[in-house]
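Accompanying notes for the structure given below.
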């Protein structure tokens, strides 16, 4: 289907009549005809006399979609929207160029940091552009693009002609436009009530985010859309099409002043869905701080003064509880699988969340659930409930609070399971900082932080906590709290065994601060523990911490076993480990060789075992003898003395 005629169509047709069609055939047309990957656009071009006239007689730039792009495209193709009557190489393309379609609606050019160039939402495919001169001596350029360009068009039932509308005209005439089932009546009413029309008909090139009527099902929500909220839905002087957007890069909204500062950014889930989020960095009494997410329901609608994205709900407005947010985003949204698992587990978890006056949820993304290790657990309701509860914190915990807790150490936060703690760590600084959280042996990264609700926060994470997906070695290698133990095990080759999935390990891992304490207690010995020349001795010390059995020993198991004996005896690589585990003030404490050692993080699950992070190594002064720049474990000295005595006796007998 061919749609659209340029204002110069009549002149072009008259000029075309002066030439025989074949004699005036343009070289660009020859290029198109000869390229089988561009045959669909060439077929449409052949049928459009205005486009043929332009190619024959004028300078032009033509943006040609590939056949593959047409396979994804639905609806009519507007050939003249792909042509501009001036020749632009990639370097010459400015921020906007006028198309040859009726009304000359602009095409928006975005040059990304990695060198890609986009026309609206289509990427110009590198190295395929062609520049030549036609038979009339006119310079012409062809760029191959990966999407069909889609202009704003009216419904067939529209009673008035619609050409090159600005954002305000779009809002006013939305019912007559091809925007699917999306309606803008509520937002349009608030826009008029707040007298903000000038924001939407302002000349220039801006990005407009328009919430559809579906987002106003909560009847009181529309009354919260004041002038500042409307400002927060506009990114001035910047045109952002989704394919060209820098994901999670905050852009200043029109609501950015001394007393109120709101940024807006785009991000894409792995399932392809695009979202936009507002972040009220500095709020006031009517506009609380925090992030609001909204799915883009129809993206990339070009208008005369920028681009429009229709979004599912208004930004900046925080008027739902955590439970309502999960339900709103559960049906077909960013947390669909999380809600499914909650409901499949009986729904008691959701009731528990609903009963909390303050709550923070670490919600795994939809992609986080796509692992085989989770499939086996989902059927176990009790275990799944414990895992879900690991994602719930009984307080408001935003990023700023995490930073405060993390000022001098890795932040430790209890979950609704009082014996289960989460451990937050901040890697990097400023805008590039990454926040990780560990729970039940799983390290997750916060993908979207501070999604604010009336009674707390939701942080979207990339893994399900409590469902291990790495071996003991993998955990040791990636956990910042265990880096010293990992380093010591690497040069002593102790770590080699820890990837073995046929064994079950219980590993008492001293955290880095524990090893640092030994530097104060035994400075000379500590230094040598981390030297390659003494690798044998480092390995001997680590082997004492590693229990190898046909099953793992949780802290609860060890505390229970300690009730009936003075010492629990556990099998290690060389010998056995004797200890007693008690519970004091809600924390586990190990008694070993009359020393009390706190368990900092119990029960860190791995695919081939379990790790207990302890506050101090299983180490005593008599374990190490330092002399002449070397040291040996006491047992090694005994072995050497025994060998020396045997050699002496043998010589005597001879």
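Just so it is clear, glycine is given a Cβ too, placed from its N, Cα and C backbone atoms.
All TrEMBL annotations are machine predictions without curation.
Taken from TrEMBL as is:
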| type | residues | note |
| --- | --- | --- |
| DOMAIN | 25-149 | domain 'FAS1' |
| DOMAIN | 164-315 | domain 'FAS1' |
| DOMAIN | 319-465 | domain 'FAS1' |
| DOMAIN | 469-618 | domain 'FAS1' |
| SIGNAL | 1-25 | signal peptide |
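Taking H, G and I as helix, E and B as strand and the rest as coil, DSSP gives the domain 'FAS1' (25-149) the counts 38 helix, 35 strand, 52 coil. Counted with DSSP, the domain 'FAS1' (319-465) comes out as 53 helix, 43 strand, 51 coil.
Helix, strand and coil content of the domain 'FAS1' (469-618), in residues and according to DSSP, is 63 helix, 49 strand, 38 coil.
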